[in-house]
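Data block below; observations after.
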Amino acid sequence: MDDTQIASLLKSSDLFPLPQSLKLSYGTAGFRGDASLLDSTVYRVGILSALRSLKLGSSTVGLMITASHNKVSDNGVKVADPSGGMLSQEWEPFADQIANASSSEELVWLIKEFVEREKISIGGVGEVLLGRDTRPSGYSLLRAAEIGVSSVLGCVAVDKDLLTTPLLHWMVRAKNKGLNASKYDYFENLTTSLMCLIDLIPVSEFKITKLVLDGANGVGGQVMNEFSFCTLDVEIRNTGFQGGVLNEGVGADFVQKEKVVPLGFGSKDDVGVRCASFDGDADRLVYFYVPSESSGGKIELLDGDKILSLFALFVKEQLNTFDDDGKEGELSRLGVVQTAYANGASTDYLKGLGLDVVFAKTGVKHLHEKAAEFDVGIYFEANGHGTILFSESFVSLLVGKQKDLSEGSDEYNAVSRLVAVSNLINQAVGDAISGLLLVEVILQHMGWSVQKWNELYKDLPSRQVKVEVPDRTAVVTTSEETEALKPLGIQDAINGEIKKYKRGRAFIRPSGTEDVVRVYAEASTQEDADSLGDSVAQLVKSFLGSS
Ligand code: G16
């Protein structure tokens, strides 16, 4: 690094001093925290993104300013790698180091050392696409990111303004593949593949029924509003245009955790209607319906596990149509990836379909990696974050096969559906918009109502609790997060509680996005799941103290 570069970094860094006692970790999905403390973090991640672009031969990198499901006063920042996926985990320690550097001098020293070690040639051309969600703090944080990127010589930041997180990831991937990568290209891509799937629906009478979407008062509802559906009937509520606070009593996280209707839903006209919820930056999707007028706001939830099951069933049906002797053989290896939060009933159902079910640690970066090992890998977290990955070689094989088959045959239609799904569903990251379109078209394909879909299996009752503790990092778990290794003795105590309940299962883990320890409990009745969740939460408090 030459003197001009060092001077540029020192000068800009002085604009963004690190707030006292701020300690950050890249976490499950980038850095998150109180927005008023994040200027220096976002500026530094801007520098990191520029270096990442230079390191990878001037490929385009993405930087998203969002705290997704967190409260509106929080914000955060994460990086999309040139593939469109999450930042390589190999760079996370460097992200942690620079985010916590206490002075401009220390920051520049860390960068210099890293640039030399990674053999990054400063002076090349780098490009970083910047996006933000609707949080009021996003605008000024985006300016900090811009300054960070442009303080690395030769690097430019391109402001893409308000976007869903998956849309930014999609743009990065498309740009690096040499494809058109604007928001309108994304819409066009969705429309073309959706229309293709609709044309292949076997039932003669294509029936459109209303879907009501809860936009979490965030960017997802607003982007959906811009996207005109000629073939779907979608009413969007909680767009944030008429007031309403981001993620407050609305959105996928609220609906999935509380299992009650979001604000603006629940009138008698909503009973039985198919509804869906996005989270704050539209990378999560859950469905629900109000079962009866007397349900008191309680809903029937169709979470990420049920979306995964629907997708798996559909993909398997297509594969079976053309795979030799009706089994997945050499041609296609289909696998599904879940986390410890997956409802036990969903795992039983998926295994019952004969599928390879693999478990990963919480965080889409972990699930994505495992799903990419299959020809078709479907991953979903119960919270609604997931997608379907098709390997490039499998898509080429499908396209080749399509040419050999006679148009209109069952095999041809099945192959064409899979090709269309691979175009529709975001290959970079979980995407609530493309996921929603795929759910809608599969329900049409099956001729199913949301109630019929819900009958695939019955969820075991479960309960999730957040516990505020003085130091959540005191909880250390095994790699699949099903057992706590620390604090010593807590797992034995949890096991003691689990034993008291039929089909009892529980685990604890430190959140990577909020300052809490999360508790998950499952049992054969809701009363038991609640009681197990509460007693494990009590154990967390007694081992770690309450804050
Ligand atoms: C992020 C991650 C998800 C994860 C969630 C909760 O979601 O992308 O993979 O499940 O945080 O993580 P934790 O339990 O560690 O707080 P989002 O939608 O907030 O970006």
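Yeah, the Cβs are placed from backbone N, Cα and C, and that goes for glycine too.
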Same-site residue for Mg(2+) (record: TrEMBL; known: Asp279, Asp281, Asp283; options: Ser53, Ser58, Ser59, Ser68): Ser68
Maximum Cα-Cα separation in Å among residues Glu381, Ala382, Asn383, Arg509, Pro510, Ser511, Gly512, Thr513, Arg518, which the record lists as binding substrate: 17
Fewest Cβ neighbours within 10 Å, where candidates are the binding-site residues Pro510, Gly512: Gly512
PLDDT averaged over the residues of the domain 'Alpha-D-phosphohexomutase alpha/beta/alpha' (59-92): 97
Helix, strand and coil totals (DSSP H, G, I; E, B; other) for the domain 'Phosphoacetylglucosamine mutase AMG1' (303-448): 82 helix, 19 strand, 45 coil
Listed recorded positions with Cβ under 6 Å from ligand 1, out of Ser68, Asp281, Pro510: Ser68
